[in-house]
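Starting off with a structure, shown below.
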There are 2 protein chains.
Amino acid sequence: MRTIDWNDESNSIVMIDQTLLPVEYRVIECKTLASLCEAIRSLRVRGAPALGAAGAFGIALAAELSSADDMDGLTRDLKVAAKTIKATRPTAVNLAWGVDRTINAISDAYDVDGIKDIVLAEAKNIADEDVETNKKLGKHGAKLLEDGDTVMTHCNAGRLACVDWGTALGVIRSAVEAGKDINVIACETRPLNQGGRITTWELMQDNIDVRLISDSMSGHVMSKGMVDKVIVGADRITGDAVFNKIGTYTHSVLAKEHEIPFYVAAPISTFDPDNWEDTVTIEQRDADELRFFKDVQIAPADVKVYNPAFDATPMENVTAVITEKGVFHPPFLLDEVIV
Amino acid sequence: MRTIDWNDESNSIVMIDQTLLPVEYRVIECKTLASLCEAIRSLRVRGAPALGAAGAFGIALAAELSSADDMDGLTRDLKVAAKTIKATRPTAVNLAWGVDRTINAISDAYDVDGIKDIVLAEAKNIADEDVETNKKLGKHGAKLLEDGDTVMTHCNAGRLACVDWGTALGVIRSAVEAGKDINVIACETRPLNQGGRITTWELMQDNIDVRLISDSMSGHVMSKGMVDKVIVGADRITGDAVFNKIGTYTHSVLAKEHEIPFYVAAPISTFDPDNWEDTVTIEQRDADELRFFKDVQIAPADVKVYNPAFDATPMENVTAVITEKGVFHPPFLLDEVIV
């Protein structure tokens with residue numbers, strides 16, 4: 001099944017619970033806005049494009065659950081829901097994008113049922129378009145990979161970060177589909193280990209060769225000539241920087257030092273022309289993520305922790321941004337790409 | 001108590017079990033060579049200088065346990081023990097150094113009891129000298145730190161890596177002792193989290209300010225101006241490179257990019273003038289270290305893993321090496337330093 005989807009029978013959102021992987025594959029159902037918000041906050045669903053769909057389906061769910069019997073009342077309910085959903089991951093631009101696009105679609109409706117139909121249809125469109133976008137993006141990016149390449153990646157910009165196929169891993173999938181032999185080095189991606197838990201799992205499901213390393217090893221494997229290219233996803237791309245999972249910036253500096261191409265694979269919806277590196281607030285996550293791994297204590301329980309969710313990679317460190325509209329080499333203006 | 005010591009009553013080696021920290025502080029006793037070797041292999045005792053003492057006390061223990069009744073037999077037993085101990089951590093030059101120095105001391109003996117007395121006395125000397133060495137090293141290094149500095153460190157080059165006081169953390173302790181206010185950023189140091197578990201713990205015991213980050217965050221914190229200096233320890237220093245815990249090289253590249261001084265604190269016994277970067281074999285550790293954290297599965301159980309214990313930081317990336325004989329700025333010849 002897709003990473004996140006709408007269940008027409010139960011009128012609810014279904015998703016793969018990514019916090020349980022790779023130990024357990026479990027599909028969960030969100031029947032309330034609270035359970036969806038909890039799922040987003042706890043990273044049961046994560047990854048920029050998947051969050052776009054999550055935001056969109058969230059509005060559809062809010063419409064479904066609303067008891068308002070006039071358009072004004074329903075619109076008010078949806079706007080409250082929009083605010084609630086966006087607040088769960090304030091740095092994730094796609095989440096807000098999915099919410100807003102769905103809300104904006106209701107201007108076509110002329111009654112309460114119309115609104116409900118339109119927001120659900122729009123959310124489903126967003127999910128379908130995401131898969132199509134990734135396939136296009138993958139095809140563009142696959143041309144950058146050569147037969148026999150070893151590609152290093154960070155976090156999970158795979159099908160589980162999207163509705164399906166993936167961005168960074170979508171490029172790898174498209175290259176493999178085109179008959180190229182690609183090996184992957186997955187960085188485990190502390191503190192929540194999306195690389196170790198999810199990227200490895202989804203590549204192994206597809207029989208794509210993958211080796212796991214700790215994030216700290218990236219310099220070493222590059223210096224040993226073990227990496228031909230780096231491909232990562234993005235949570236937000238401003239005119240001057242790529243915001244992505246904490247650790248991405250570190251890999252970009254190392255790639256520059258070793259003259260290894262550093263690619264960012266992300267749909268156009270990730271672009272944020274209204275912000276710059278210094279106008280984006282990076283969320284700090286819970287300190288316990290570095291003190292415990294599930295029930296295992298891995299640091300003093302009261303140690304001070306610095307735990308930013310993202311970092312910013314300056315565009316100078318990026319060889320190219322791979323989108324569904326093609327491959328763009330910095331420097332470029334976001335407006336040229338978005339139009 | 002010291003990190004590792006000799007118990008005169010039970011004629012055994014006592015040590016703090018570092019695999020249990022920070023959850024539990026437990027002192028264990030090694031009464032057999034097998035238990036010592038297991039403790040070294042499992043990193044119950046770790047850190048270059050502490051391993052020097054472990055190797056030395058290991059020879060003293062082998063002498064104590066030998067049933068040989070002539071000098072030739074006892075010498076043979078000690079040479080077998082030496083080989084066994086050295087094989088537990090082949091990259092750790094201090095372990096071999098402690099073993100060899102203790103073995104070499106027996107040339108002064110004229111009977112079996114003389115050998116036993118001499119190897120124990122020599123092992124105790126090595127432990128005492130280590131503390132003295134670190135205090136000297138700390139004093140030299142402390143001059144490089146300014147009041148208010150934030151120092152980033154990797155792994156644990158603290159008192160628990162030594163017999164006492166520490167090398168990288170010894171420099172910080174000496175600066176604090178000299179009245180300077182020093183803040184520490186500790187990288188957790190995957191996969192065995194010595195930074196998160198041990199460095200944080202020992203600094204908190206001493207009321208030195210410490211914040212924990214994941215290894216991948218080092219680029220980010222440097223780019224944000226949060227790091228004034230980096231100080232790490234070393235497992236082996238060849239003429240062209242510093243071998244230290246995997247991840248050190250990554251930090252060194254990032255420090256260079258951000259023009260942050262990168263210091264290595266290590267006793268002269270760490271210097272290995274007989275090798276170069278490309279003649280040292282880096283041990284690969286167990287793949288399960290990246291698949292499990294204690295009992296928690298953090299990756300597919302059958303995922304391929306690349307897990308080198310160390311990496312090599314080229315001397316060009318090192319601002320200075322801090323030793324008990326003073327501070328040396330590359331380029332320098334090892335022979336100049338060792339003499």
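Counting starts with 1 at the first residue shown.
The backbone N, Cα and C atoms fix where each Cβ goes, glycine too.
According to TrEMBL, the protein has these features:
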- B:Arg46, B:Gly47, B:Ala48, B:Arg89, B:Gln194, B:Asn244, B:Lys245: substrate binding site (BINDING)
- B:Cys155: site 'Transition state stabilizer' (SITE)
- B:Asp235: active site, proton donor (ACT_SITE)
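Could you give the neighbours, burial and distances for every feature on this list?
Its Cβ placed at the centre, B:Gln194 (substrate binding site) has 28 other Cβ atoms within 10 Å.
Long-range Cβ contacts of B:Cys155 (site 'Transition state stabilizer') within its own chain (separation 6+, distance under 8 Å): B:Ala161, B:Cys187, B:Thr189, B:Gln194, B:Gly195, B:Thr199, B:Val232, B:Gly233, B:Asn244, B:Lys245, B:Gly247, B:Thr248.
Mapped onto three states, the DSSP output places B:Asp235 (active site, proton donor) in coil. A simple way to gauge crowding: the CB of B:Asp235 (active site, proton donor) has 28 other CB atoms within 10 angstroms, across all the protein chains here.
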List the residues of the same chain that sit at least 6 positions away from B:Gly47 (substrate binding site) in sequence and have their Cβ under 8 Å from its Cβ, in sequence order, or write 'none'.
B:Thr3, B:Asn156, B:Ala157, B:Gly158, B:Leu160, B:Ala161, B:Cys162, B:Gly233
Could you state the whole-number distance in Å separating the C-alpha atoms of B:Asp235 (active site, proton donor) and B:Ala48 (substrate binding site)?
5
Using DSSP and three states only, what is B:Cys155 (site 'Transition state stabilizer')?
coil
Please determine which of the binding-site residues listed here (B:Ala48, B:Arg89) has the lowest count of neighbouring CB atoms within 10 Å.
B:Arg89
Between B:Arg46, B:Asn244, B:Lys245, which of the binding-site residues has its C-beta surrounded by the fewest other C-beta atoms within 10 Å?
B:Arg46
